[in-house]
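What follows is a single structure, written as structure tokens, with notes after it.
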């Protein structure tokens, strides 16, 4: 295929697509240039159907550091495992693509996005999402696209599509919305307590922009798209299906309607084991035994799927007996753990999360070094999902994509209400341990996180609660579910998570298994979620009505002072000598950022106060007209040098020592004397002149002796010592220092 170039303008930036030049052995490949961001996307499909009961789709987003003109960090100086941001971007692309493959499609598909050049003002993740859809659409892979996604901001009351970096920093909204030309099928958002109305407007305007990108893709597909390959889809034997349904559907229906999760799972497993045993015996010697038993398992799964949906849509009854808008029983506990800096245990039905708070100095912030400029991350929310939470064994190790994604969602939800660094100079880490799970564990972790923050004395603006909404749709009719449990998530069409305060939404996340949902469904889901959110907030606020006024006794005490940026080097000293001396003397730890914020922390408040005193002295500046109790440290013929404070000295010229003339400095002061002085001048080089006589009363006019002549006896200041008269010295040096 010869190289072809397609070009348009989108959101104020040039969007160029190139095909037929690179990665030509992939099933489909494109180079997408958006602004000066360039992403290569290649899509490949395996030749045969994979084994297993799921669709093996893998989406990768690779950040090459050369794209931003940077070296990778670390000793190896080579890209390694994906960053958290890259992992989240890969998930963001995967989620709207996955529903666009046919039911029963089991061939392995890989979509690899490589960022080749990076423009911080032209979204590389959105270029990668566009490229992923387009590479699949022009290939022979049976993909029912295209889809597209955009980022949406909200600045000064205006919706902005694909905001620049500067606009994103000012935005009250960080939203990614994706979908087909007919409907939205993926949402990811953080927001600063925005209303449901603003969020809905942003979603719909985002979808309008998505339609523009899809129209551009359709133009390209019409020009260079390949004919789709014929692939085998997983399907079950119709006669076998009818036979099993007739014999066992009634038993399975009864099992599904058991309300308690573990009892229901046990009851359904009994039916499945019974059916499996019957057909293992019946077809033990059949040459297609494996295929038949695979069909049996798939048929049983489909029967359970159908019964859950029938209960909700026809009988308006959920598997656990709740109404469609009813929340499971709630419980909230604070101070579950001793010694830690804060803890909260939140339970919703059979979903339970423990959140643990840790506070630390700003030196513990996470340094993020990606394609953007390096920055420090102050707040971290980590989510752990051990297999025992669902009563199973399984993989145990580093967090996977799902755990990273759920942690990031909770982080976005809670970050919006955290105090500023000036209000609360701590690094903050929350760890959510899912102890039980029957759906919506990520939202339970948000509720538990709120409890831990409030119990730990972190002055959040308002409590945050989260709820997961579900959907059962047959194409014509639909039912929106509040607080979905695991079974409803597994067999339902939507998982729509909404978190926020009483004043507005702080985070959204939506994934669906159908090809899109309408504005009507979104509106209803947001309204039901708001009602549920308020119910949960009632429970949280009843447990802990307000943020604790003090930190936990085990939390580090931190105090901060602000110094001028040009004084940082004074506090640090040559090779860190000064700051190391302060730390050794006081036993504190000290962090100084590039803006001059000095954080001092210790378990001993007296040590913090002493360190603050030392640092304040180091950066203190003398000011004209200020008075100091100074110590004489050096004497010269022309005056005395006095130490005002720390390393700041001033010159008291001999003429500024007394109102009467004196010939010798030593007649008035000696080294080690303490005298009161007033700063009278600071020159452009920072040299300080001070005066003693400015603080002394001016003497009266000299009295006359009996002969009518003035007395030559000088007026002696109170601190002047008796000395024999010495030869007068009147020379004044050119440089007083």
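Using N, Cα and C of the backbone, Cβ positions are placed for all residues, glycine too.
On a predicted model such as this, the values are computed, not experimentally measured, just so you know.
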Swiss-Prot annotation of region 'Disordered' - which of the ranges 644-690, 691-737 it falls on: 691-737
Overall pLDDT for the domain 'S1 motif' (625-693), taken as the rounded mean: 93
CB contacts for residue 495 (Mg(2+) binding site) [other CB atoms within 10 A, all chains]: 21
C-beta crowding around residue 489 (Mg(2+) binding site), within 10 angstroms: 18
Secondary structure composition of the domain 'S1 motif' (625-693) [DSSP: H/G/I, E/B, coil]: 7 helix, 36 strand, 26 coil
Helix, strand and coil totals (DSSP H, G, I; E, B; other) for the domain 'KH' (556-615): 32 helix, 16 strand, 12 coil
In three-state DSSP terms, the structure that residue 489 (Mg(2+) binding site) belongs to: helix
